[in-house]
């Protein structure tokens, strides 16, 4: 229905890579150390995953949004945190540059993250401005030759690992969201510091921290796009970002369902497999049906984007439903495993922790409902 021959080839490539490289031993080590192996990231870059949906003319692999969804799904099925690294250059990090970057900015910032030579963070959220991104207090004052940035961004994925960050700041405090501009900030600049490395529930192996800016001088050529047009850049970037989280969600959910089915067939109680009990069998049927529905929402949103159609509502629907049912499926997978599901030795324990953030980051479920209802009910 949705997949081209190229899409099918990319699915096989992504699945084979994830299953071969992301072994249980490596993922257990990531959980213990909190660090993701650089050699695997280098291989992901070499295979073209970091530019899977970026045009070849810009150094990417030239795939479509469906190819991106497929790669995210297959990586997340094995490792949620690996899919975060895959997502970044294709989505939140690369997106702002694809939308508004100059030739020089593309060359200097986009191409190096595609090849894996550099990492770029997306910094929108603040301590007092999460869902209400327009309520940010970070400022950028035009000083003539440069902008002077002051403020704090919070919960920034990969911030401690990144070379640069796309920072959104108020250039006109009187205009609300229409007074926000985007900037590319060198994180080694004077006045930039990192908050503590957050100890997260899940997605261990991808550091998260605040970015603090105190009188940071940013060259004029590092403004991304037009003055006061940054909020539009951020929102358009998040459309693709939400597609990415939806893809993560169906991937992790598929992994959890696979583990639940496998365990239900092997585990015996009362003299028979627990899969033979209707309570378990119906639970699995429910999980599989909801997952299939979520996949169709995700693929539909990707298809609309590939056909150059507005998919804001559909991306929000996909993100909302897929993330919610992923949490439900992972919880049921743990339940099917019984006590073993609570033990780190079993994969579903990690999946259960990893998926919890899917209903929160890149727009909470409640924000998605606001977007969906707003588009349906507007005059």
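If you go along the chain as it appears here, the first residue is 1 and each next one adds 1.
The backbone N, Cα and C atoms fix where each Cβ goes, glycine too.
As written in Swiss-Prot, here are the features:
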type: BINDING; residues: 122-131, 155-157, 267, 278, 335-339, 364-366; note: FAD binding site
type: BINDING; residues: 131, 239, 240, 241, 242, 363; note: substrate binding site
type: ACT_SITE; residues: 362; note: active site, proton acceptor
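Listed in sequence order, 88, 92, 93, 95, 96, 156, 157, 165, 166, 237 are the same-chain residues at least 6 apart in sequence whose CB falls under 8 Å from the CB of residue 122 (FAD binding site). Comparing residue 125 (FAD binding site) with residue 239 (substrate binding site), their Cα atoms are 16 Å apart once rounded.
Considering only the recorded positions 239, 362, the Cβ with the fewest other Cβ atoms within 10 Å is that of 239.
Considering other CB atoms within 10 Å as the measure, the emptiest surroundings among the binding-site residues 125, 131, 157 are those of 131. Cα proximity to residue 242 (substrate binding site) (within 10 Å) is found for none of the binding-site residues 128, 131, 335, 338, 365. Its Cβ taken as reference, residue 335 (FAD binding site) is surrounded by 13 other Cβ atoms within 10 Å in the chains shown. Largest Cα-Cα distance over the residues recorded as binding substrate, namely 131, 239, 240, 241, 242, 363, equals 17 Å. On its own chain, residue 128 (FAD binding site) has 135, 137 as residues at least 6 apart in sequence with a Cβ closer than 8 Å to its own Cβ. Residue 240 (substrate binding site): 25 other CB atoms within 10 A of its CB, across all protein chains.
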